[in-house]
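Heads up, the thing below is written out as structure tokens.
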């Protein structure tokens with residue numbers, strides 16, 4: 001096949017004749033003015049050659065498409081296998097190096113009976129399980145959508161605390177349940193949020209970090225509502241103004257718990273369905289980073305694998321929680337450490353260690369909305385869902401679980417919520433705000449270290465010890481009065 005163009009060049013005699021033959025590898029360009037050509041040049045125009053710019057651009061486009069196909073969900077799902085899933089969930093994460101502590105705790109329980117070591121090993125063994133439970137929940141949320149994903153995060157985000165609370169309730173350790181849940185709220189609002197503000201402010205010291213003020217205000221309002229539900233039974237108890245002594249306090253706690261559960265359900269509907277645009281994070285992401293973010297959102301395991309791992313991890317956490325609860329009393333006596341300090345400080349810090357690390361990491365990446373979702377959102381879940389759920393569950397199990405957290409614990413929670421609400425009202429953060437929250441948590445931890453829980457056996461035991469050591473009869477009279 002041959003193409004020919006004829007172009008007049010000024011005079012009638014001059015012309016340019018270009019002939020291209022598709023079958024040849026050469027093209028001749030003839031410049032003729034009179035009868036003989038003045039110049040002849042052979043040029044290589046091989047359209048199939050890989051060295052042409054058009055061909056190289058086409059090949060690069062095809063390679064880009066091929067790379068995108070390789071990273072697509074379909075190919076990733078084809079690459080999934082049971083061994084690869086086992087590697088992703090139980091081996092790849094560095095925190096999984098702590099997994100052997102769980103089986104060691106069980107062995108120590110049966111072969112040594114030393115409560116201190118069983119308590120310590122159980123506590124450390126739960127850390128990677130809690131982190132992997134959160135990972136499996138995130139993977140399942142890819143397949144269920146935002147609404148069901150929010151419900152999953154609400155259920156499994158604090159699954160460790162719920163499982164420990166259920167075992168403690170079953171053993172009749174109501175104060176351990178109350179204090180551990182209170183400690184989770186305090187650690188999330190003061191320690192986690194404080195470290196998030198502090199590290200984020202240090203890393204981004206030349207700018208003011210901002211977050212969604214509207215979402216923070218709604219969560220602060222829910223926390224104040226939870227404080228109101230917890231405070232009134234305590235005030236009713238200590239003012240001795242109950243209509244039926246001992247019964248009115250329990251009835252009020254159960255009624256308030258049901259109201260709080262309804263309020264939390266309404267909050268989920270408001271957040272996920274009705275006013276979901278209120279909770280959109282502030283636009284801080286550059287357009288160039290959107291493709292990388294899309295790649296990070298691809299699931300690594302299938303839906304049924306995520307459900308299976310959720311069941312396995314929840315079962316294993318339940319087993320370790322049983323040994324942990326059984327060893328708390330013995331560890332407190334062996335370490336000469338108050339039960340209140342163990343329940344309020346140690347249990348929540350270790351149980352939420354993975355969430356703490358993730359909140360700090362997001363703050364360092366200048367994603368404060370996610371950090372607040374972990375810290376304040378988790379506190380809201382515990383105060384408005386987990387605590388009322390435990391009261392209703394104790395009602396079913398016949399355990400006297402109520403919302404009377406005693407005067408010292410209630411006052412601590414009330415002041416903490418007020419401090420955090422003032423910190424969030426501007427919608428900005430810096431390292432000094434974080435430092436103040438961390439120092440507030442140190443004051444709370446020191447207070448619980450010297451605090452004697454009057455509602456447990458510690459208060460009476462200390463007075464018995466004092467009466468036996470001394471000969472002062474007033475000490476014995478005081479002991480009998482306090483009993």
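Heads up, residue numbers simply count up from 1 along the chain you see.
In case you wondered, yes, glycine gets a Cβ from its N, Cα and C as well.
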Discussion item. Checking feature assignment: transmembrane segment per TrEMBL, candidates 20-42, 43-65, 181-203. Which range matches?
Written reply: 181-203
Worksheet item: TrEMBL lists transmembrane segment for one of the ranges 431-452, 453-474; which is that range?
Response: 431-452
Fill in: Range from 215-239, 306-325, 337-354, 431-452 with the greatest count of C-beta pairs under 8 A to the transmembrane segment (86-110)
306-325
Worksheet entry | Whether the transmembrane segment (181-203) meets the transmembrane segment (337-354): three or more C-beta pairs under 8 angstroms | yes
Worksheet item: Going along the chain, which residues at least six beyond the ends of the transmembrane segment (374-397) come within the CB cut-off of under 8 Å?
Response: 154, 157-158, 161-162, 165-166, 169-170, 174, 177, 181, 184-185, 188-189, 192-193, 196, 216, 219-220, 222-223, 225-227, 229-230, 253-254, 256-258, 260-261, 263-264, 267, 352, 355, 358-359, 362, 403, 420, 424
Discussion item. Using Cβ atoms and a strict cutoff of less than 8 Å, what residues sit near the transmembrane segment (215-239) while being 6 or more residues removed from its termini?
Written reply: 189, 248-249, 252-253, 256-257, 259-260, 263-264, 267, 278-279, 369, 372, 376-377, 379-380, 383-384, 387-388, 402-407, 410, 413-414, 417, 420-421, 424-425, 427
Worksheet item: Are the transmembrane segment (251-270) and the transmembrane segment (403-424) near each other by the rule of at least 3 C-beta pairs under 8 angstroms (pairs 6 or more apart)?
Response: yes
Item to complete: Please indicate, using numbers and ranges, the residues of the same chain that are 6 or more beyond the transmembrane segment (251-270) and have a C-beta under 8 Å from a C-beta there.
Response: 150-151, 154, 218, 222, 225-226, 229, 232-233, 236, 380-381, 384-385, 387-389, 391-392, 395, 401-404
